[in-house]
Amino acid sequence: MSKEEKLAIAAATDGACSGNPGPGGWGALIRFQDGSEIEFGGNSPETTNNRMELQAALFILEKLKNIKFAPSLTIKTDSKYLIDGMDKWMPNWKKKGWKTASGKPVLNQDLWKALDHPELPKIKLQYVKGHSGEKDNDRVDAIAVAFSKGRKIQLKDFANN
């Protein structure tokens, strides 16, 4: 079965930062109906944990543009910042010219605007408590931390599932 034929049924993202700001990393995964999964990660030398959370979500949404996914698919995240930004704050930020309720410029505006791009799929975010034993969240956390610390970590892809 090729990547294009697989049906994505779950996704998860996380961000981490060693110091805040400091070196950061993000992790993401997509789980497929056939039991396979694919993992991704990246880093930035000087960033914040919130930027890494947003970067992970943006990356996974970009990937899901080109993958068939179940209508029930959600993206699991332990970031209330990401969830509240997408679900509660963004409409008001846009109305106010990307300013907060106090009139200050929205932080991480470049990433928020990218997440709001109309070509990205609209997928529900699902809050999961971090470090709680939730398998996908624990895995993307391990990926994010490894990337933030410059450690090597084996990422699953279609060749090594």
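Quick reminder: no glycine exception, Cβ is built from N, Cα and C everywhere.
Since the structure is predicted, the reported quantities are computational estimates derived from the model, not experimental observations.
Binding of Mg(2+) 1 is attributed by Swiss-Prot to D14, E53, and within the candidate set D78, D84 the record adds D78 to that site.
Around D14 (Mg(2+) 2 binding site), the C-beta neighbours below 8 angstroms that are at least 6 residues distant in the chain are W26, G27, A28, E53, A56, T77, D78, S79, G130, N137, V140, D141, I143, A144. Local packing around the Cβ, expressed as the count of other Cβ atoms within 10 angstroms, is greatest for E53 among the binding-site residues E53, D78, D141.
Annotation note: E53 (Mg(2+) 1 binding site) sits in a helical segment as assigned by DSSP.
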